[in-house]
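Residues annotated as domain 'Amidase' in TrEMBL: A:24-456. The feature active site, charge relay system is assigned by TrEMBL to A:75, A:150. Annotation source TrEMBL lists active site, acyl-ester intermediate at A:174.
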């Protein structure tokens, strides 16, 4: 039996019909990883107990849990009890998680098998995984190019057929951009839809755990397992509207008006093609404007570093992680943080410290918070007239390794289409939109109103089947 | 801008080379994010913020038994003594 191009949906059927065991399925992916990971570096660690865990599930008997026997990859910033969780950093190279993230608990009770932990930009800061302390992840479609970031390892693991689904985390675009670069589906859920308990914090008012998979349906299956209110995260919400919103097929889609000059010509063409696909599917199409989104990236690079500088203060060589000895306690801190953090992490902590410091706080931090509200209001206005918005995911396809590594600002501009939805806490999904003339994947972003994930799935599935036909 | 002072506030030791590099990068980044200053937020932001959700509170009850997680948590700490995390003197 060929297991190529297997999806979660198909694998679950094979398992239920007893055509394959969970152990066989896991062994297939472990073999793929062994073959490909050396060159791609998607996984930082493959769990030695994966096969045993799968065998245990086989012995328990095949029930009907939604992810029973499904091999998955987990981003290296989501805690799995007893496993190392390094957040792509030297600081946590030997840190063993003392508890399960809520999303992990839910995956476990749904029967998922964890294959390993995936590479990422250090503490989820970056758009290429080049900021990982453990080397960059290469794009499975072209090994001279980046996989995107920060969840580049998870995206590459899915794209190289090294798992059936993965968890990533999205703060400014960290699920959607790598999904787009690697040609897979990436869902950034509504802020609060998935518990952040057990996700190593980067910028807490933006961070969300989300699903990455080969198809929209698979991303939906994973999301439905991990979503929901959690007493361990006071910003999490129950999501009663998921299945109740009406989907009558006459949805209105707004096409984002943007400056086409800064975007690959083939991505602009792909956007036009996508709009036509939706029109042919019977959706009402109109052009929409978000007047303040031009401020999204500068706004993000004030608010996110501010939160980073505060969240990463916990890494001091006292409670866990790396320790470097100095002559005094303060020197212990300073030496530990010098040795443990990479250049981009240091840059962001410093930037955050700057925008929060006396004399600059009002001009930068307070101003950015106000603009964040303006962007939110822009979306509210737009969603009075349309049900969803489409836009590019990234201004370019996967770029060459090293191309942007020495220019932090260039790297920040990768977030230009992904940061706006985060400003407003909205759900947004990247779906594959075909390949450019060099054979590199292009993504389409769909943005919905808060807790409108079901709209994303509905629209995404229709788009997926139509774009594959054309 | 005083990189030196910021590094001290952020508790990060920096080499002289990195200080110079950061100084240059900061000028570029700050110049870029300063685009925000031209945005017109008026007094509108103020009125909007009143609708914002505030802290979600829970009652302080059902505490777990003392010491239940101590051993596991201390396993991550570089130095411990008698069930405590050990650090150098704070005041000298």
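Quick reminder: no glycine exception, Cβ is built from N, Cα and C everywhere.
Known features from TrEMBL, placed on the structure.
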{"residue": "A:75", "record": "active site, charge relay system", "Cβ neighbours (10 Å)": "32"}
{"residue": "A:150", "record": "active site, charge relay system", "Cβ neighbours (10 Å)": "35"}
{"residue": "A:174", "record": "active site, acyl-ester intermediate", "Cβ neighbours (10 Å)": "37"}
Residue A:75 (active site, charge relay system) to residue A:150 (active site, charge relay system) - Cα separation in whole Å:
9
I need the CA-to-CA distance for residue A:150 (active site, charge relay system) versus residue A:174 (active site, acyl-ester intermediate), whole Å please.
5
Across the domain 'Amidase' (A:24-456), what is the average pLDDT of the model, as a whole number?
95
